[in-house]
Amino acid sequence: MRFGVVIFPASNCDRDCVHVLRTVLGQEVEEVWHEEQSLDGLDAVVLPGGFAYGDYLRAGAVAARAPVMAAVRAFAQVGGPVLGICNGFQILLEAGMLPGAMLRNAVLRFRCTMVHVRVESTQTPFTRTLREGQVLQMPIAHGEGNYFAPGSLLSTIEEAGQIVLRYCDAGGRVNHGANPNGSVRNVAGVRNPAGNVVGLMPHPERASEDVLGSGDGRLLFESVIMWLETRKRSLVGA
Amino acid sequence: MTTVRIVITLKPGVLDAQGQAVHQGLRALGYETISGVRVGKCIEITVPDQTARDEIDAMCERFLANPLIEEWWIERDQDRDGTGRSRVPVLPRSQGS
């Protein structure tokens with residue numbers, strides 16, 4: 001499959017994403033500069049972590065208005081899978097492609113640590129091959145990962161099953177002690193109503209090789225690859 | 001042209017971790033009576049005199065603020081009476097220490 005990894009000025013996890021997709025998983029990868037206006041020929045798009053445009057104004061706010069984002073929006077509207085990781089998640093929130101907003105961590109600190117997250121929704125290309133309740137171990141590294149949605153919006157997205165991941169302990173229990181940043185209801189990742197756009201704060205690309213302490217992040221990439229292959233087969237067969 | 005000042009803060013009730021940190025800092029300096037600190041940002045834009053308030057609100061809504069978590073107010077140059085700027089002379093930071 002052909003992946004696009006979008007690079008904004010001050011993205012800093014783009015090379016990690018390219019490495020995992022290209023070297024670990026053997027996929028074709030195109031590095032997409034933020035001024036690009038077309039995503040033709042791509043099967044999936046990743047918005048990597050970093051500090052796009054220096055996080056000026058608000059994290060992700062300026063990047064969300066970059067030229068490439070119109071193309072990402074159009075790509076998502078026709079069902080293309082889009083994954084936003086950390087800063088990429090913040091960009092998708094600021095672009096209005098995912099519900100909610102990010103606040104500074106409630107703990108007043110940048111959190112850089114390994115966490116556990118529980119899979120809450122398998123209705124996305126990135127979690128389709130996982131099972132609900134499955135616990136994954138991945139690292140986080142952010143100062144603004146305190147997910148927030150006002151009460152009515154939160155109810156809407158919870159009822160619609162749009163929460164994809166929640167911070168939990170090693171046993172899969174979602175509790176206050178397992179919440180690293182104050183996120184409302186321990187939310188670590190959400191999806192759009194259609195399920196093809198997903199944002200998450202943990203870094204799957206930093207947990208895709210066992211030598212790095214966890215290979216769980218690879219499961220998300222393998223899931224979307226399998227989803228794309230299935231879709232391709234059904235299109236060819238039709 | 002006129003300068004318009006836009007002040008953006010987190011909505012009441014939205015956790016302001018930065019404000020809490022500044023509050024702790026003020027307490028550490030001995031300002032014990034302060035009961036709350038909220039930190040926002042100030043953006044000054046220079047626009048044609050006839051620019052409508054609605055247009056500035058639109059800029060805030062679409063980009064300058066995140067309406068989900070932030071609110072803003074707008075002050076025009078001519079609204080100021082000149083007393084709003086720093087009234088206390090700036091003291092050297094070493095003074096008193």
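Every residue gets a Cβ built from N, Cα and C, even glycine.
The active site, nucleophile feature in TrEMBL is assigned to A:Cys86. Feature annotation from TrEMBL assigns active site to A:His203, A:Glu205.
Mapped onto this structure are the features recorded in TrEMBL.
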residue  : record                   : CB count, 10 Å
A:Cys86  : active site, nucleophile : 28
A:His203 : active site              : 21
A:Glu205 : active site              : 31
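Secondary structure at A:Cys86 (active site, nucleophile), taken from DSSP and collapsed to helix, strand or coil, is coil.
Here the C-alpha separation of the residue listed as 'active site, nucleophile' and A:His203 (active site) works out to 7 Å.
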